[in-house]
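What follows is a set of notes on a single structure, which appears directly below.
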């Protein structure tokens, strides 16, 4: 797979996201830039200006691709019009915004506010109005966890429980996961998934949002069911895992990470594990790796159609890889036998 290399950031990438159709790729980094790219050829559409020139940690396009969120160390979440880049609203908080995402139906958004400078971390959920010019700063609900009882929330995402509908899944700094009712903020369940001090670094969902994958500094990624929070599968790496994603079409997952950036000097990309590693989703076996970055991979995203994936690294580059024919043809013997049996 020959990559398309995108150089639009002068500092490390922190998050990349495809829109629902997959034609656009959004990126943010520690240089404070929000970038938008065509995914099929890597052409940059432009950048959104208006956020302070400080580290940005999160970006997320609305399911309708009409607006997008960004947030970071300026303690704000900005809402942008995708077409034209007009800033239409800003939510202001006391500390850094580490994560912000729209719900799958586009009717809500959350922001994860960092625990620091004497401030307790918060998870704040807002309603998204039909009239996009009339956002309210009044949250639907706000969650705070006592630091003595539960570590801070590091990342989160929206899941779908067949019984309760859309739920909020929170991932904590101590390896715990909490499921929250998206209507009133009540906690449904909380379980420890990763061993301490297994900081959960990323959480990404299946296409139907019924299961998700977590990545952790404990060198594992885990596949969980939204309804039960049961661990379905565990994938083991050789270094801390910063990000993980589920591939549609094929039963694979992809993990990214590597040696901590502060420890990198003259380490080669192989020794530092600066690679995207593919595992079979069902059998948990490593099946391949994609190299090229010369710093830890901080963020991964897979095209909604399963035709490509993108990685963003500490090296400031985004690498977009289109999957080739051998990727789609790859099958285990048991999978070939099952397909053959179904034809008889």
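Glycine is no exception: its Cβ is also placed from the backbone N, Cα and C atoms.
Beyond the ends of the repeat 'WD' (6-47), by six or more residues, the same chain brings 53-61, 63-65, 68, 70, 72, 80, 82, 85, 261, 295, 298-305, 307-308, 310-320 to within a C-beta distance below 8 angstroms of the stretch. Per TrEMBL, repeat 'WD' is recorded for 6-47 (among others).
Through the fold, the repeat 'WD' (62-90) approaches residues 19-21, 24, 26, 28, 32, 34, 36, 46-52, 54-56, 96-102, 104-106, 109, 111, 128, 132-133, 135 of its own chain, all at least 6 residues removed from its boundaries and within a Cβ separation under 8 Å. The repeat 'WD' annotation in TrEMBL covers 62-90 (among others).
Among the features that TrEMBL reports, repeat 'WD' is placed at 193-234 (among others). Here the repeat 'WD' (193-234) returns a mean pLDDT of 96 for the predicted model.
What TrEMBL lists as repeat 'WD' is 290-320 (among others).
Residue counts for the repeat 'WD' (290-320) under DSSP (helix as H, G, I; strand as E, B; rest coil) come to 0 helix, 16 strand, 15 coil. Same-chain residues lying 6+ beyond the ends of the repeat 'WD' (193-234) with a Cβ under 8 Å from its Cβ atoms: 104, 154-163, 166-167, 169, 171-177, 179, 240-246, 248, 253, 255-257, 281-282, 284, 299-300, 304. Across the repeat 'WD' (6-47), DSSP helix (H, G, I), strand (E, B) and coil residues number 0 helix, 22 strand, 20 coil.
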